[in-house]
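First the structure, in the form of structure tokens, and then the observations on it.
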């Protein structure tokens, strides 16, 4: 049986006894942490929960660092300066090397605006604040926007180093004031952090994922294991083997069963953290026979290079995706990426990590070199920001492609409100009768992309309308999992429309297939992949498949609008390309690398089949009209990705202002406002 030692004093003595020992099993546990992360990032489908490897790292770190601090306090030789010298030797050399090489690759490959963003994230990375940077940038870790952020993975280093700014000071303070209460204080901090994570993961998922207050409990579990080490009494071999199997299961099952849709890191992060803690505890004495594989030298070596492997693998993946203009990685490409990451990690460990850790520099030299290197990287990054990402690298035609990123419709800040009336922006012709408007454009970001064409068509016809915050699907009773305000917003807008006789027409447009199928287009010729932008029916808890939720939400919307006598114009789905159009066209112009084939009309219609089946019941209703963008944009051979010689999309699925007006202004004027 696995039992706790009785007192903190005994615990401290045990820490002092074992902390000098090198433990191969912990390096193997690091291998168990890093391999799922890398394989998850390269898109290995049978490891959908590989992201939990980061949580295992947190537990290991909390255990090792707390053990060192307590041991040195017991021996009377702990100092804050020495602690941070060790952290600098361990963390900074490889991190700075990777940041510098990433900036160089970004200078060669990325667009000016992307290089500008990379420079900003580089400053955040070396300042150990990248978790806050990516959180404030509103980037969901599992969203598509982060797939081209080369330094995204440094968020976890930031969490860890922020923890170690405060934690040694907390231990020193408690050790001075109430040394016997150290375990209780750390337990309290851990429980409060865990409770916050469990509550906030549904309310503020992005903040919960990135920020220290909701991650500290994972390091706290490791710290508690160092403060209260677990012992295995004699004669308990059977139970230690059972516990070892349980620990392995707690690590492996989340990797196999979790997915991007798993609320994380709340309760779902507990199993891998407890599994890691259990294996650490069991490995500190005689290793249970079921865990002997953790002394296998290849695993141990992967654990030794795990820090470098973590640092190098993500930039390699990002630059591969960028140059191949796809977010999907083939099996062959994944194998090459893994091999390249492994080789680079070995090089980093051998040429950077080991020499700097072993070099006999004095403490002031370590701090001086660290500060100098960090300052130099900051100056380079600030210079890149100052010169707008080195725009002069590009020819004029290439700069024209880059400038497409600003050719997008935006909601003015004063209109980004979840209310009708003052929070909605007028579009079309100026209202001639006070606040009287005769149409409303309602939908998500695809409706926003269409709004320039709607506005110009309405202006030509002398029609005045409104549009609002384009975040939510116009599906009554339905919310996006990452935007819980959608239900209330859509309900208030639709009921307001129904009660205003001046509004005659409602135009609905959204990324319909996303909500109906919970998939996005990825890769060549319209391939599909699961999406995190899931929807939930708040009014009917039965039958929560995406198709059922979509069908019920649309039915409620249509019934409310039609019952109030409104004309409804449904703009069907805008074709999705599956790859970043401006990036692909720029890469083709700069490097001669062809972009993936665009979807065909047939593949677009196949993706929209489930949506069209729901739309079909309204096709013959006298108050309902449909406009299908697919035949306008696509032919039997391929969809158009350019208009007037420039990209027609500013990413992989949103129309530019120019394309929206060129393709749909006349159609909308004729079909909607010409009647």
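Positions of Cβ are set from backbone N, Cα and C atoms, glycine also.
Keep in mind it's a predicted model, so treat the numbers as computed, not measured.
As recorded in TrEMBL, the features of this protein are as follows:
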DOMAIN    25-351  domain 'Acyltransferase 3'
TRANSMEM  29-46  transmembrane segment
TRANSMEM  52-70  transmembrane segment
TRANSMEM  91-110  transmembrane segment
TRANSMEM  162-178  transmembrane segment
TRANSMEM  185-203  transmembrane segment
TRANSMEM  209-231  transmembrane segment
TRANSMEM  238-258  transmembrane segment
TRANSMEM  264-282  transmembrane segment
TRANSMEM  294-313  transmembrane segment
TRANSMEM  333-352  transmembrane segment
TRANSMEM  364-385  transmembrane segment
DOMAIN    421-662  domain 'SGNH'
Inquiry  = Assess whether the transmembrane segment (209-231) lies in contact with the transmembrane segment (52-70), where contact requires at least three Cβ pairs under 8 Å among residues 6 or more apart in sequence.
reply    = yes
Request  = May I ask which of the stretches 52-70, 185-203, 333-352 has the most CB pairs under 8 A with the transmembrane segment (29-46)?
outcome  = 52-70
Inquiry  = Are there residues at least six beyond either end of the transmembrane segment (162-178) with Cβ under 8 Å to its Cβ atoms? List them, or say none.
reply    = 62, 65-66, 69-70, 73, 78, 80, 83, 87, 128-129, 131, 185-186, 189, 212, 215-216, 219, 223
Remark   = Stretch winning on C-beta pairs under 8 A with the transmembrane segment (238-258) (pool: 91-110, 185-203, 264-282) is 264-282
Ask   = What residues in the same chain, six or more past the boundaries of the transmembrane segment (333-352), come closer than 8 Å to it by Cβ-Cβ distance?
value = 38-39, 42-44, 93-94, 97-98, 304-305, 307-309, 311-313, 316-317, 320, 324
Ask   = Do any residues of this chain, six or more beyond the ends of the transmembrane segment (91-110), have a C-beta under 8 angstroms from a C-beta of it, and if so which?
value = 118-119, 122, 125-126, 150-151, 154, 157, 161, 307-308, 311-312, 315, 319, 322-323, 348-349, 352-353, 356-357, 370, 373-374, 377, 380-381, 384, 389-390, 393
Key: Dominant neighbour of the transmembrane segment (264-282) in 52-70, 185-203, 364-385, by Cβ pairs under 8 Å   = 52-70
Note = Long-range CB partners for the transmembrane segment (185-203) (under 8 A, at least six residues beyond its ends), listed in sequence order, are 66, 170, 174, 178, 213-217, 220-221, 223-224, 227, 263-267, 269-270, 484
Key: Overall pLDDT for the domain 'SGNH' (421-662), taken as the rounded mean   = 86
